[in-house]
Amino acid sequence: MKKILCVCGHENPEGTTLCEKCGSPLSEEEKGRKLADMRYEGTAIRSKTYNKTIIDKIWNFFSSVKVGVSIIIITLVAAAIGTFLPQVIYVSVPENADVKETYADAYGIFGTIYYNLGLTDIYGSWWFQVLIGMLAISIIVASLDRGIPLYKSLKNQRVKRHENFLKRQRIYGAGEMTAAEVDNAFDLTEEKMKEMKYNIRREEGALLAEKGRFARWGPYINHVGLIIFLFGVMLRLMPGFYIDKTLWIREGETMAIPGMEGYYLESEKFVFETYSEDEQKEEFNQSKKAVNAVAKNYQSDVKLFKAPDDAVPGDTSNLTEVKEKAIKVNDPLKHDGYALYQMDFRLNELKTMHFNLTDKKTEKSLGAVAIDLTNPEKEYKVGKDSKVVLKKYYPDFAGFEDGEPQTASPLPNNPAFIFEMYTPETPKGETSFVAIKQPIEPFGENKYAMKFSSVDTRNVSGLTVRKDKTLMILMLGGIIFMLGVTIGSYWSHRRLWLLKTKDGRLLMASHTNKNWFSMKKDLDAVTEYAHLPAYVDQYDEDQKAEEEEKKLKDKEKEGDNTL
Amino acid sequence: MSLIDLSGNLLFVAFVAYLVATLLFGGAVKGGSKGESENAGKKWGSLAIVITIIGFVANLGYFITRWIYAGHAPVSNMFEFTTAFGMFVVGAFILIYFIYRVPSLGLFALPIAIIIIAYASMFPREVNPLIPALKSYWLYVHVITAAIGESILAISAVAGLIYLLKNIDLTKRSKQSFWIEIVMYALVLVLGFVAVTTTFNVTGYEAKFSYVNKDGATQEITYNTPALFGMHQSELLTADKMEPLANTPSIVNAKKLTTVVWSILIGTLLYGLIRLIIRKPIAVVMQPFAKRANSQLMDEIGYRSVLIGFPVFTLGALIFAMIWAQEAWSRFWGWDPKEVWALITWLYYAAFLHLRLSKGWQGKKSAWLAVIGFVIIMFNLVAVNLIIAGLHSYAG
């Protein structure tokens with residue numbers, strides 16, 4: 001490895017721009033600057049030093065802040081485009097309909113183009129994931145590239161720096177003083193700066209006051225937090241870390257909880273409430289009637305059961321109750337790392353249908369039949385000598401196809417039945433097709449009919465079953481990020497250097513990574529107390545000089561005009 | 001006086017106090033510049049900040065009394081949230097003022113807060129009961145923290161605006177002088193919206209229409225402004241009211257479109273009038289108020305407020321938001337438009353910080369970025385709530 005020799009005799013690794021020991025400028029670029037580039041303390045940064053092999057090139061690509069910011073901006077724009085129309089997960093596509101058609105119907109040509117470009121599922125697209133991946137790589141590479149050298153450099157800081165270093169700081173002052181005055185100034189500075197909570201280090205003829213160095217680690221800490229967070233998000237793709245199931249459970253039912261082995265849930269009741277009128281603040285409610293429709297509460301009253309460890313799956317004979325809970329929106333049931341959320345509901349689902357086996361002429365009933373629509377029996381005894389056989393059951397009758405009745409779903413939304421009715425008068429049986437409001441007698445006129453009498457309904461709760469083992473990792477990432485971003489934002493790294501030169505001057509220079517205004521308040525205090533030489537903000541001076549130059553030029557121009 | 005009346009009155013007091021304080025800050029800025037003693041300027045300045053604080057306390061009073069009355073934090077609809085945002089902008093200004101003590105910041109920050117509160121009061125002020133999804137203490141924690149973060153970030157835009165007014169050469173035609181005038185125009189447009197809404201509210205304009213919605217069903221809608229655009233296949237039901245100039249397809253909410261177009265029309269008219277009276281761009285008239293500001297200090301305030309606001313915004317708008325989303329919707333992130341726009345805002349300010357730290361973007365570049373950041377925040381508040389529908393759209 002090439003070494004760079006400084007005027008002070010210190011050997012610096014290749015790529016160093018400010019001497020590690022004395023702070024003198026080393027590179028031509030750095031020498032050309034009026035003020036030292038203090039961002040990474042002039043330390044050798046890999047990406048700025050090597051650019052030969054393919055690995056160097058990849059490293060340099062990802063460590064570049066320009067590339068990082070570009071990825072951020074591209075991600076940002078892509079994310080924004082994804083909000084132009086609702087994403088496909090938020091669009092209710094009617095059954096038997098195409099997603100593309102749905103977009104075309106709702107949003108016209110724009111919707112079609114949007115769909116064809118794949119923008120309706122933009123966040124799930126491979127290229128969006130690649131963008132996030134690249135962002136993660138960029139964060140890691142850039143942090144290692146800058147963070148490690150910066151850490152080393154700040155850890156091994158020397159107290160005594162070269163005049164060339166001090167002169168090239170933004171805040172700089174120099175004054176002639178006797179040796180005694182200088183010593184006195186050093187002592188007073190130490191005293192005052194200590195009072196202001198600075199750490200003081202002194203060497204022969206030099207002083208370094210430093211405060212808040214840890215603020216420089218803020219950005220690197222928050223990047224670690226982000227990486228942990230993104231890692232957690234990736235982990236959800238691994239089996240077992242993340243469960244997301246839906247459970248529809250009817251009032252009175254006990255069901256095995258999907259994804260949650262050995263646990264059963266009993267639904268006692270589903271409650272849906274809306275606000276009543278007198279719950280409204282009268283003087284402020286102009287639209288009182290409309291408010292009646294405002295939902296107040298969705299709630300499933302449930303009991304959670306656990307089967308014994310050695311139980312056969314599905315065996316519900318030996319359940320022990322674990323918990324009783326009213327699951328509400330914002331108040332899930334949590335147990336053993338799982339959570340059950342109130343997500344959806346169906347009101348008044350048909351539960352039981354009551355029929356009477358009736359003689360059509362005399363309208364005399366032979367007896368009642370109650371059919372449990374979710375669990376119908378094959379045969380129902382009616383009275384002593386009659387029976388009804390349920391030949392076929394169509395829970396969600398959707399019309400005929402080729403003469404055959406069809407069901408659209410297994411949900412009892414529109415039940416239809418084919419009954420065979422056996423009575424002493426009709427021992428061979430009569431067949432009847434019964435759907436809501438449309439009895440059909442396919443084999444000629446029957447003597448008996450299944451007459452509808454009443455129906456029982458019940459509510460259904462739509463619950464989401466979640467287990468997310470990554471939550472703790474995400475939380476950890478979030479906490480570390482907040483910690484890093486807080487110390488990086490709310491604290492600043494401030495330093496003051498004093499140097500006694502051989503020709504009898506006292507030099508002072510100061511640097512802070514931000515909030516120069518507050519730094520100057522500290523400096524004003526110490527300058528006055530310790531009689532330090534007056535300082536100037538060279539950055540500001542630059543601007544003033546520029547402005548003056550500009551004014552001069554303008555005046556010259558005006559002069560030209562008047563001539 | 002009932003609690004809710006008291007609450008309304010306190011808001012009014014705050015509003016007036018902010019107006020008075022703005023004038024006083026103007027005195028503080030001008031006073032220092034007219035060769036009067038520096039003390040005169042300082043006196044104006046101290047009086048101005050005292051009035052601002054009185055206004056802010058009254059504003060807090062509004063917030064607390066309304067909270068007690070409603071039984072939940074008043075951040076659950078557009079009026080409540082926007083008012084709270086305006087209040088926090090003043091709070092953020094007070095915070096920054098006590099770090100840097102720059103009166104010109106008040107001269108620009110308070111009018112922006114005033115415009116925000118005026119805008120807020122155009123929305124229905126009724127106290128709504130909470131829907132189940134909002135019934136959680138996370139509503140207060142998440143929304144209030146996010147709003148505070150956004151308001152501190154907004155101060156950065158104010159500092160940026162002052163920096164730009166001072167440093168852009170407005171005597172020459174340039175992209176920058178054009179865009180700074182566009183910013184002024186945009187502020188006048190908001191006033192246009194306020195003027196339109198107030199005028200038709202006072203006159204009590206109401207026109208009912210029936211229309212066919214996206215699903216083919218017939219519905220009714222009430223316009224509070226003369227309809228420029230009608231809803232899909234709309235028919236006027238109220239007699240003697242203006243017929244729409246044109247009907248729109250069903251995906252367009254013509255009522256909102258009408259309000260927007262009215263605001264632009266009246267706002268532009270207002271802008272034209274102002275230009276006719278002052279006979280120069282508004283930015284040129286504002287410039288002398290910014291001239292006294294110290295550029296370097298404004299640059300630092302702009303940066304500092306992003307530094308202060310960014311962690312608060314992250315905490316409120318992303319982290320608390322995720323915790324609540326996990327609790328309420330069973331997932332911490334669902335790519336809902338409002339979530340996405342919070343992420344966009346966050347990414348934007350992350351880019352801002354990286355450009356500033358590593359690329360050395362200071363001065364004008366940084367100031368423009370801060371102003372654009374405020375545009376994104378306002379887009380988030382206005383457009384995402386009112387136009388882009390999503391899980392958060394109940395906020396409208």
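Cβ coordinates come from backbone N, Cα and C, glycine included.
If you look up TrEMBL, you'll see B:6-26, B:47-69, B:81-100, B:107-125, B:137-165, B:177-200, B:260-278, B:301-325, B:340-357, B:369-391 marked as transmembrane segment. Residues annotated as domain 'Cytochrome c assembly protein' in TrEMBL: B:87-392.
Only pairs six or more apart in sequence are counted, and the transmembrane segment (B:177-200) with the transmembrane segment (B:6-26) gives fewer than three Cβ pairs under 8 Å, not enough to call it a contact. Of the ranges B:81-100, B:107-125, B:137-165, B:260-278, B:301-325, the one with the most Cβ pairs under 8 Å to the transmembrane segment (B:6-26) is B:107-125. When each of B:47-69, B:81-100, B:137-165, B:260-278 is scored by its Cβ pairs under 8 Å to the transmembrane segment (B:107-125), the top-ranked stretch turns out to be B:81-100. For the transmembrane segment (B:301-325), the partner stretch with the most Cβ pairs below 8 Å, chosen from B:47-69, B:81-100, B:137-165, is B:137-165.
Long-range contacts of the transmembrane segment (B:81-100) within the same chain: residues 11, 14, 18, 49, 52-53, 55-56, 59-60, 62-63, 74-75, 106, 109-110, 112-114, 116-117, 119-121, 123, 143-144, 147-148, 150-152, 154-155, 158, 297, 300-301, 304-305, 308-309, 381, 395, each at least 6 residues beyond the stretch ends and with a Cβ under 8 Å from a Cβ of the stretch. The predicted model assigns the domain 'Cytochrome c assembly protein' (B:87-392) a mean pLDDT of 88.
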